[in-house]
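Residues or ranges marked as active site by TrEMBL: Asp49, His262. According to TrEMBL, the feature active site, nucleophile maps to Cys52. The annotation site 'Linear diubiquitin binding' is assigned in TrEMBL to Glu237.
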Amino acid sequence: YKLSVALEMDIMEYCRKEWRGNTPVAKRMRKGYEAVAQKFASIRRVRGDNYCALRATLFQALSQATQLPSWLQSEDFTMLPENLLSKYDWIKQWQLKQKLSRKMGEISDEIKEYLMLLRKKWKNISEIKDPIEKQEACDKLFKNEEEEYSLYEALKFLMLNTAIELYNDDKNGRRVPVFSWLLFARDTSSNPCQLMHNHLNHIGHSGGLEQVEMFLLAYTLQYTIQVYRLYKYSTDEFITLYPNDPEEDWPVVTLITEDDRHYNIPVRMCQETTL
C-alpha cells in the first residue's frame, strides 16, 4: 500500500525543490515557506486526489487526538443515517464511494458502518499515550485504502448533517455563523439537497472542498482549522482560520496550501526559544 501522507521532509528543503525559479510567484512561495519554517520544522506531503482537504485535516486531528470528541460519544450518533433518511427522502441519492445509488436500507447501513469505523479508530488512536506509537497507528490507518476512504465518506455525511442543522436553525430564526449564509447563498447550494447533489456528492470524485466547505468541515469536527495560504503571503489572509471566530475550547489543526486546492501538513513544531 502507498502511504497517503508521505514521510516528513525538512520544510525549507522541500521549498527549494519545489520553487527554484525567480518568478514573483516562486519568490512569494519561498517567503511563505520561510514564515511557516519559523513555527514548523518539517512537512508531510498529502496525496493529491480530491479528498486531500479531508485527508490532511483528519490525519492532523487523529495525530494529536487525546480523547474522543463529544459529538462522537453521543448515543444516537450511529442512528444518524436512519434518522436523516426517515426525514429527507432525497438523501437516497447520496453517492457512496464511486458506487451509484442503491436501495435505501443499504445506504443507511453502509454509512452507519463508516460512522462506527470513524468512532472506533478515533477512540483507539486517542487512547495511545506514546507519541511515536500514535504516529505509527495513524500512518498505518492512512495506508489502508478501504478504511481510509470509508472515513472520508463518514466525514462527508457528517458535513451534510451539520449543513441540515444550520439550514433549519436559520429558517427557525436561530443565530447561525456567517459562513452558513454564504454556503446557502450559492446558486448551486441554496438548500441542503442541492449542497448534496452539486457539492458533497462530488468531493473525492470530481472535486475537492471549496473555501466555504472548509468552514463546514471545521464546524462539523468542532476543530479550528488553521491554514497557511502561501500564495496570500504578506496579506492578512496568509494565515486563515476556519471558522474565523472559533470556540475557545476547540482543538486546532494546521495545514499548508499553495493554492486553496491542495493541502499538505506541517509537522514538528519548533520549540519556542526563550531568552
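Glycine is treated like the rest: Cβ placed from N, Cα and C.
What TrEMBL annotates, mapped onto the structure for a quick look.
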residue	record	CB count, 10 Å
Asp49	active site	13
Cys52	active site, nucleophile	23
Glu237	site 'Linear diubiquitin binding'	11
His262	active site	18
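Rounded to the nearest whole angstrom, the C-alpha distance between Cys52 (active site, nucleophile) and Glu237 (site 'Linear diubiquitin binding') is 21.
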